[in-house]
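Listed in TrEMBL:
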- TRP60, TYR67, ARG68, TYR69, ASP122, ARG148: substrate binding site (BINDING)
- ASN107, PHE108, TYR109, ARG192, ILE193, ASN194, LEU195, THR196, LEU197, ARG198: 2-oxoglutarate binding site (BINDING)
- HIS118, ASP120, HIS174: Fe cation binding site (BINDING)
- 100-201: domain 'Fe2OG dioxygenase' (DOMAIN)
Amino acid sequence: MLVLPKGLRHIPGHLDRAAQERLVDAIRGVVAQAPFYRPEMPRTGKPLSVRMTNCGELGWVTDRAGYRYQPHHPVTGEPWPPIPDMLMDLWREFCPEARPPQACLVNFYDVTAKMGLHQDRDEQDLTAPVLSVSLGDACLFRIGGTERGQPTRSFRLESGDIVVLGGPSRLLFHGVDRIYPTTSALLRDGGRINLTLRRVTA
Ligand code: MD3
Ligand code: FE
């Protein structure tokens with residue numbers, strides 16, 4: 001039996017293929033207004049392998065100056081486009097107690113991209129849950145404890161899966177170790193998109 005950390009809900013295959021296609025279309029609309037860009041590590045400026053954009057009143061960005069939320073795209077200077085209705089509906093369904101999300105980070109992984117173990121703690125409101133939607137190729141997701149170096153567990157996230165991180169799971173270390181190429185035909189050129197909806201301000 002797979003035991004998940006308290007406060008972590010994994011809903012495999014919540015979105016059927018038609019819903020995934022509608023969501024990809026909505027994200028294509030977002031990306032047309034706010035193109036993917038290559039974020040950089042704080043201080044070093046080393047590029048991340050994941051490409052990013054956002055929708056919502058605030059977007060998470062990282063560059064030499066550090067990690068932060070800001071209301072405009074770092075390359076175009078334009079405000080982020082609104083969060084698509086489908087995602088607002090998922091938030092109301094899975095996070096009915098929470099105030100509305102302010103940010104939706106859109107991560108794009110080509111088949112070589114990964115994301116190292118990290119904590120999400122750039123939000124002022126750490127009591128609000130994070131809701132994640134996976135689209136496209138499957139990945140190997142890893143989740144640990146609240147301290148670096150604690151044991152980790154790995155599981156696969158597939159297209160259409162939803163993960164809700166609330167309560168005690170909100171500050172767990174987590175990352176994406178690898179993408180499994182050609183495991184989904186949703187995105188014509190392969191790769192994986194992950195959407196994370198968040199409340200940012202207290
Ligand atoms: C566990 N994204 O954007 S989503 C991130 O697949 C991020 O792109 C990963 O980590 C991705 O920050 C994982 C699932 C997720 C999101 C937030 C979490 C897991 C989490 C916050 C706390 C614990
Ligand atoms: Fe994260």
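Glycine residues also receive a Cβ, built from the backbone N, Cα and C atoms like all the rest.
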Rounded Cα separation (Å) that holds between HIS174 (Fe cation binding site) and ARG148 (substrate binding site): 10
DSSP three-state assignment (helix, strand or coil) for ASP122 (substrate binding site): coil
Cβ neighbour count (within 10 Å, all chains shown) around TYR67 (substrate binding site): 15
Nearest recorded site to HIS118 (Fe cation binding site) by CA-CA distance, among binding-site residues TYR67, ARG148, LEU195: ARG148
Cα separation, ASP120 (Fe cation binding site) to TYR69 (substrate binding site) (Å, whole number): 12
TRP60 (substrate binding site) versus ILE193 (2-oxoglutarate binding site) - Cα distance in angstrom: 16
Binding-site residues compared (ILE193, LEU195, LEU197) - highest count of Cβ atoms within 10 Å: LEU197
By Cα-Cα distance, the member of binding-site residues ASN107, TYR109, LEU195, LEU197 nearest ASP122 (substrate binding site): LEU197
For ASP120 (Fe cation binding site), the number of other Cβ atoms found within 10 Å of its own Cβ: 18
For the domain 'Fe2OG dioxygenase' (100-201), the number of residues DSSP places in helix, strand and coil: 3 helix, 47 strand, 52 coil
Those binding-site residues in TYR67, ASN107, TYR109, ASP120, HIS174, ILE193 whose CB falls under 6 A of ligand 1, listed in sequence order: ASN107, ASP120, HIS174
Near-site residues: Fe cation, ref HIS118, ASP120, HIS174, CB cutoff 8 A to centroid: LEU117, GLN119, LEU172, PHE173, GLY175
